Structures are given as C-alpha cells and as structure tokens.
Ligand SMILES: O=P(O)(O)OC[C@H]1O[C@](O)(CO)[C@@H](O)[C@@H]1O
C-alpha cells in the first residue's frame, strides 16, 4: 500500500493533477467526465485535483486494500469491528427489501422490523395525542436526553427536516453542563412533557445525570407515581433501563452491531419519527437504503460513496491536506458538519491498523464546517488565501421549500457555485494588478496592493446538488457519508467502528470528580491539574 501511495504521489506530480485550473482550460468536457448522477443527486468532483491517471491509481489502491471485499463483509454481517468483536450492520436498519441478514446464524430482520413497528405505534400515539401525561393532558414537548451518537443524529435530522415537522415540539439535552437542562426545563410544562432517555450503553455519565435531573423535575412537580407516564427510553442495555424505572412498553431496543454514530436509523431516531411521523421516517430509511444498493452495485467510476472515499483519501493521505470543510448551502443542514465530525473523526481518527501495527500514513482529516453563506463571512478568507489547502465539500438543493422566496434561493445557489469557481480559478497577480490600474490606481500602489489580492486558485472542492432536502434526500446524504468513511477506513486499514480514544478522558474525569468535590486531595495529579483544581475550589461558592 505504501508503494501505491508513493506512486500516486508521483502520478499527481507528473501529470500536474493539482493544477485544476489548467485541467479545465485544456478539457471542455471535464465536468461531464468527472461528475456522476444517481437520480436527482448530482456529484461533481471535476474541481478536485484528479485526472484519469490518478483515478486509475486510486482504483488500484482500492483493489489492493480489498475495499469491495471489506464492503461485502460488512453487509454480510461479518465481525469486522474486531476490537469489540461485533458485526457492523446499521445497513440492516434500513434494509427495506428485507433481505435476510444473519448475525450468528440468525436473521436480524424480524427484530429490526418489530422495533420499527413498536416505534411507529408509540410515535403516532404521541403525535395524535392519544398518549397522555399523568394528569391526562396531551404531550406538547418531547425532550431527547442523549449525547454523541444518541444526540447528534436526531438533532441534525430534526433541524434538517423542519418543513416536515408536524408533531410536538422537540428539545435536545446533551451536555452535562447544568445550563443545558436548566434552560430546557424552563420552557416546559411537566404535565405535557415527555422525556426520552437515549443511550446505547445506558451508563454514559452525561445522559444519566441529565436523566436524573429530568426525573426529579417530574417527580417534584407531579409526584413519583407520574414518572412512568413522562419517560421513554432507547437503549441496547434493557436491564439497566428497567432499573431506572421505565416501563418495558416504552423501551425501544437496538443491538450491539449498531455503532452510536451510525444509530440514527435505529430506535435512536425515535424523536425524529415523533417529529415527522412514521411515513416520512420510512422515506428517510428508503434514502439510506437507496445508497446501500448503489454502493454495493455501481461500478467504481459511478459509485458516489466509493469516489467520495477515494478522493477523500487522495486529498488527505496522498496530497497531505490536513482538513476538509463541510459547507452545506442549506441552513437546515446547520448541524450536518457537527454530525459528520463525529461520524468521520470518531471512526477514522486512529493510528493503529487492523494488524495492530502503527499506520504508515496519515489517516482521518479534521472535519469542520458551517452552512453557507454564513461561513463566507467568517472563515472563507483562510480557505481562499490561507497557507493550508482545505478541500471544500459543497451541497445545495436545486429547490428550497420557500416557494415565495425563490429569489433568496437563487442568491444562495449563486453564492455556492461562485465559491467553488473562485477556489478553482483564483486570481493571478497580473489580473489583480490590471483590476487595480483599471480603477485608476497608480502603478506603484498597484504593485504594492496587488499581491494581497492574489488568489492562488487550484483549491479543490466537490459539490452535491439534489432536488430538495426531504426525508429521502437526507437519508441518502447521511448514508453516502457513512460509506465514504467506510471506504477511507478500509484504505487506511483501520477499524472504523471502535472509539477507544474517548475512554481515557472519561476515566480521568471519574477519578477527578472526588477531587473537584473537595473530598479527596489532588496529590498524585500533575501540578497544572492540581493548580487548576485549587484555583477553582478557592473560587467556588
Ligand atoms: O449512547 P451512549 O452509550 O450513551 O454513548 C454516547 C456516545 O458516547 C461515545 O461512546 C463516546 O463518546 C460515542 O461513541 C457515543 O455515541
């Protein structure tokens, strides 16, 4: 693999692959050669630093890394999460054709369908008002208490699908910072509130602490006996849920073969289903399933997640670009970058291979972003003229939902397309100077100012265009990125499905709590940590 990566570097150098501007000038068909479609979804990668030779090299790399075999092993239910000894089967949750999926010789589909059915019944009862609080009033507000994968997916998707939201109001509490739950509880009437405690493990300290606070809120206002009417839970740890006191009829399970950051398709999606209804949630699953079928069947040069992964690997590992910016020109996708941060960085932020040896090249990039056009007025300066090259990933709908505001949508589209054009084309020194002198600036001053107005161009970007952001389109987008992360992880030869990197901080926080509470001394901790604790304790009121 290392040799193939080196030869890709050489191909890029020898073919001037990073001179994207020259590639466009030389080939009027570049767009049609380096873009592909899946129904209304258009994927344009012509503004990336690729050419045919690079793509051939990437295909060879994918073959050598066994990406397709690894993909098939995932769909088959093999134990590919080797450190946790688990299958990886979030795809079974959206397996709309009901093709049998075997784990340990047993088809998981009947259980998957049963939970989906139970969620649907519960969600529709909440939405219709037939499920009541302890005092007989309808539920107006649903609060999801979870963190990481038990929060980001439902938050992101609920915001994204606001035009389809016709159920009760939704709130999300994740942070252990008491401010988060306190600010949420202030908005609620306990008689009409329902809390969903969402935690795969049902041990996560943030979620358990917030759940206890919410429980006290109900018990204090409505009495202990009311708690059962105002709580539901989503977890794989059904024994722990029952110890919390939530009735089995309000508990929705999932399985250890669903990773937290891949769990929006499972019962973790319950808040979304309550917001948009069972039918639209089904459309969301359909979108994910459509991408699964595409990923499994399309040839590499038409396979969007495969291309996305290969190009991602190429930008990151071959060309050494340290981060990628996720730039949805879709305000309702405002939490999509945060969602992808967990998906990508928790999956591929690893430095040890599946053979338990150190990796030989750079793995997952830093993933970040904000919706356009807001980002343009904040950090685009650095993307255009900074010293790092940051591949940008744009996404835009051909149609907004606000029919009477078409003009605003056209402005949004123009801005999105202009950014990728500017990143690719740039502005030369001669062009910058000519612009200034044309405005009447004298030669000497133009010479001084022009360098500040130069854009190197050749900054890669890719663009997704879809018809409209609806449940199907969102499901498709999420699944695309899931499989992209999979492809990159397969090329890195790492386990994309564990997350040991978050453990150490959790362990140390548990150890530090008694010190922060003033019950234990800070002895044994480093002087910085001890000094910080002392300062905080001194100031604590
Ligand atoms: O659903 P749980 O078990 O509460 O975990 C929440 C999150 O914590 C993590 O385990 C680590 O931060 C994530 O992978 C997960 O999504």
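Backbone N, Cα and C define each Cβ position, glycine as well.
Any TrEMBL annotation is an automated prediction that lacks curation.
Proximity of residue 346 (active site, proton donor) to non-local residues of its own chain (separation of 6 or more, Cβ distance below 8 Å) is seen for 148, 261, 499, 501, 502, given in sequence order. The active site, proton donor annotation in TrEMBL covers 346.
Summarising the annotation, TrEMBL assigns active site to 377 (among others). The Cβ of residue 377 (active site) has 9 other Cβ atoms within 10 Å, all protein chains considered. Under the three-state DSSP scheme, residue 377 (active site) falls in the helix class.
Sequence annotations record features per position, and here TrEMBL assigns active site to 506 (among others). Long-range Cβ proximity for residue 506 (active site), meaning a same-chain Cβ under 8 A and a gap of 6 or more residues, is found for 205.
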